[in-house]
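So that you can see what the record holds, here are the features copied from TrEMBL:
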type: ACT_SITE; residues: ASP141; note: active site, charge relay system
type: ACT_SITE; residues: HIS181; note: active site, charge relay system
type: ACT_SITE; residues: SER472; note: active site, charge relay system
type: DOMAIN; residues: 132-524; note: domain 'Peptidase S8/S53'
type: DOMAIN; residues: 339-407; note: domain 'PA'
type: SIGNAL; residues: 1-22; note: signal peptide
Amino acid sequence: MKKYFSLLIMLIFLCASVTSVAATQLPPLPKQVESKNTTAIVLLEKPISTIDIQTISIKHPSLQLRKIYKHAIVGFSVKGKMEEIMQLKKEYAISAISEVSVYRVQADSSIPFIGADQARSFFDGKKQRITGKGVTVGIIDTGIDYTHPDLRKVYKGGRDLVDGDRDPMETKGQGDQSTIHGTHVAGIIAANGKMKGVAPEAEVIAYRALGPGGTGNTEQVLGAIEAAIEDKVDVLNLSLGNDVNGPDLPISIALNKAVESGIVAVTSNGNSGPAVWTVGSPGTAEKAISVGASTPPMIVPYMKVGLGARKKMIQLMPMQGSEPWELHFTQELMNGGKGRVDDLKQVKGKVALIERGGISFTEKVINAKESGAVAVIIFNNTEGNFIGSVTKGLDIPVVSISKKSGEMAKRQIRSKQRNVQFIYKKEQDQLADFSSRGPVTVSWNIKPDLLAPGVAINSTIPSGYLEMQGTSMAAPHVSGASALILQAHPEWTPDQVKSALMSTSKPLLDKKGKLYRTFEQGAGRLQIDQALKADTLLYPSSLSFGMFTKKEGIHEHEEELVIENTSKEKKNYSFQIPMKEMGITWDLPVSFSVNPGEKKQVHLGLQINPTLMKRGIYDGFLTLVEGVKEISLPFLYVKEEPNYPRVMGFEFSAGDQEGMYRYEMYLPRGADEVGIALYDPDDFRFVGYLDWAKHVPQGLLKKELSKDKLPRVGIYTAIIFARKFGKEDQIETTIIIE
């Protein structure tokens, strides 16, 4: 029997509201404990024979050779002490050694909204309706329940990289470790029964790389990509990721290889928004299509809190597995503490406001329901909102809100103004708060590439159907769209498919009528019907002009853009002149033409005078005009090294299980050394290190700590520090251990 795993494993990057301080002299770190065995991916500069790789075990008997990769990457995985693994650099031409990372899932009115129904009126070269017929979509995920009545016809086999067999069934029968994520993704792409996916006649091959609890590692995901390349799938969907924002992780490199082999690779951008720089691998892969989440047409619940002119509308995010939020008019709100039984003595007939942490979401909701609450609002205990889930069937509506909104609601309760009003608004085409933002560090590439609906998406699960949200739900809309395009144009390359999707996307505006930034929305929201009609393709589909510094003086940068005319008629093009900005001069071709079926290369020049510009990220859209059509081309450049510290976003709070605490911090460039030093707040006497580490990769560092391994109960001043390239940044905050 397969082990089963929980659907919702969506990691959220939360940005702390703490302040950098003058450097404190820190005591030396504790001695490094003896190295433990680890598994690493070794990337080779050039191929070597399998026999040469296998001799590693002979030369280094303490190292265990695990897997050899030939397609996704050139390299192998090996287990042993990291010091000995690093010695391999002396014997082989190795480009990089990367410890195995953990990947997690990034957990049908949207179908017609993006133009999929309209696509049925298009026909391919064989006069068949565009439904994805003849196109194979690989899905790397938690497996698929191929017995689901809506998926039986489209399922064409698969592989299990977790258990090592050919049966990629979801993990079942393991309680909260059971999984449904891959089945949900498959339904969005190709369900063909009661529910219709985007491409209902596409064929699906499942690669189970994430096991119980929705987690897997680099080896398993790499193995799945390798298998997909061998199986020659046409489209590959990865609704998974980690929190490391970097272009050169093994999975990102492997996805680029998959694209080079002819596969349209589509990946979720991550659920760590709304902060900048939160996109994670493999959403950072340059050649893959990275997808952020927007809202389809939906009724959104809001809670009105505050008094007089200080009233504020707080958006409520339904938690997965809960009953729909349908409370109307005015309700009484009551503080429910952390959701323990003793905290809920006054919530009968009221809406319980509960803080995250201490016990699981499901326990909080059960306790509130048994105490007589009519509904539950759970607010975060770190900055930002979060995506959460509760066990299905609790028969009580549950929503989440941010820490800031929760604190505001608590203040209203304390002021004896407990009545709050719930109202509902019809909304669409808004960027989801949780959708990760770019750009990619080091390369400064724009990610996501585009948006698709990822909020309240109804699709298949093993027991029937369920609404879920996340960029995991957005990516399969684009995978399905890619299948439709490949049926219409079976000869097209991945670059052509990517360009058709991006060049026809709809740039979105926020609630104030202002364009979202390109590193938030990419080219805009997917429009399948328009993509099927695309006959002007751009390569690349977005532009990164890199980084400029003041010491370079006036700097000129040129990018080459290729315009392809796939129509049967000559086309005339011109660029709109961008709005004039201080220190920026564009050099764009005024007008030019491209013959039918041909390509033309043009040069786009950008002159920067850094002395006239502020530090920061500059972005926008260039507009290419062809007749009455306007094609938006996202661009981005950076002035000076981005102004982010070596450590940011620190949060410390109670874990979701009894007796556990969790912390997280974001390391944009990684750290040679990082740690959390605790001091007595009265005399600033050093107490000890809460935790520390060396050689930490860039991205989000998250860890859970058992209470019995922490200092005694109390209030501490904490200095969080990161050292990189001989420089150190610190943050000072307060930590409470209860």
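From the backbone N, Cα and C atoms, a Cβ is placed for every residue, glycine too.
Here the features listed in TrEMBL are placed on the structure.
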residue: ASP141; record: active site, charge relay system; CB count, 10 Å: 30
residue: HIS181; record: active site, charge relay system; CB count, 10 Å: 32
residue: SER472; record: active site, charge relay system; CB count, 10 Å: 38
Three-state composition of the domain 'PA' (339-407), taking helix and strand from DSSP: 19 helix, 16 strand, 34 coil
Separation of alpha carbons, HIS181 (active site, charge relay system) and SER472 (active site, charge relay system) (Å): 9
Rounded to the nearest Å - Cα separation of HIS181 (active site, charge relay system) and ASP141 (active site, charge relay system): 7
Coarse DSSP state, helix versus strand versus coil, of ASP141 (active site, charge relay system): strand
Local backbone state of SER472 (active site, charge relay system), from DSSP in three classes: helix
